[in-house]
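Take a look at the structure set out below.
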């Protein structure tokens, strides 16, 4: 079977044929670094890491570009509220995202561009759009530059919308739009905000412009796959596609979108107060178990978080792991160069069917345990080799250097219980307004590498890695 993926633009599963034989160019909308990542953010990273690994297994050289949005309204708002420079917010949260990706075993990108390093490319893209009649400079002297959505006949094709039914673009203080649906390419300088010079006046880039400029710089005017969360289809990806194609670029040939991580049926987000940070979860389960949890559903499906489903995923992974470790001990070292079974490959070839692929893996565990019970060590070893190959493709190989010796979930539980007791004592001290004791407890925890953050929902703690 050839590789097939669901393409958002055509709304059908299509055979995948790369632009260049043997090479796949892949762009993923990465972090907007106004806050540390929650597990919903990282689900997208895990989904496309599995895609990348499968493409590599199939023999493709993958050029993977994952951007960093290091300047936007939210970052500026956080910086203002904290009384710090905007780049301090960006850098702090960029490091948190990088650590989260690494913790969950995501391969590093081929290139990871930051928006503020690509202002010249953005200016050139705006110039092309203005020259072609698809963008205009605001007439009020503000320095704003907007994309004229009525000038581009295909606007709305990615998100399957009709222009006349669209709502106004959410650009905040839109000062001189010709049409309320037009979106900002460039935001003219405002007092106290960072700005960069352009032929149309100083300012800073709009979110959509950033991604188009970075994607085409590193992957070319036409590339294979553009990925991201389904919540980005409109307006972000619609606007990316429109401005790039209107400028004369072919842009993405396939659009792949992962489903959302929800909790109680609602999208997980910091604004709703229902987000869970990576360190919170990895105190309950190991990082590899969290990776299994985030990657187990089909990438296009929503995944509703619950403590029960997290525990079930951890137990499911442990069944795979325990069999491999047992075979490795009984039958000798398991090789890491065995092909995956055909039914596993067929599942991933068909729009990255991870649930079906995992079913094949778990069937191997059942067969392997039966072989061990019968004393058939050679057959068990063969099954173990195939299982290891499957888990390696999914980034879950328990015998790999990434995950070997990571069985410390029990220790996490103990540490969590002990820290919770100490934090209860600190909360009691705060209630008594004994702030000296509360501060001393916090400082003592900090000396042990445990950082405490007081939130409206109560204290949170994080184990700082040295």
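Yeah, the Cβs are placed from backbone N, Cα and C, and that goes for glycine too.
Going by Swiss-Prot, these are the annotated features:
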- 29, 211, 236, 240: Zn(2+) binding site (BINDING)
- 270: ATP binding site (BINDING)
- 31-41: motif ''HIGH' region' (MOTIF)
- 267-271: motif ''KMSKS' region' (MOTIF)
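On the 0 to 100 pLDDT scale, the motif ''HIGH' region' (31-41) averages 93 in the predicted structure. The secondary structure of residue 29 (Zn(2+) binding site), as reduced to three states from DSSP, is extended strand.
In the three-state DSSP assignment, the secondary structure recorded for residue 236 (Zn(2+) binding site) is helix. Sequence-distant neighbours of residue 211 (Zn(2+) binding site): residues of the same chain at least 6 apart with a C-beta under 8 Å from its C-beta are 27, 29, 67, 69, 236, 240. For the recorded Zn(2+) site, residues 29, 211, 236, 240 set the reference point as the centre of their Cβ atoms, and the other residues of that chain within 8 Å of it by Cβ are 207, 208, 210, 212, 226, 228, 232, 237, 239. Highest local Cβ density among the binding-site residues 240, 270 belongs to 240, counted as other Cβ atoms within 10 Å over all protein chains shown. By a simple count of nearby Cβ atoms, those within 10 Å, the most crowded of the binding-site residues 29, 236 is 29.
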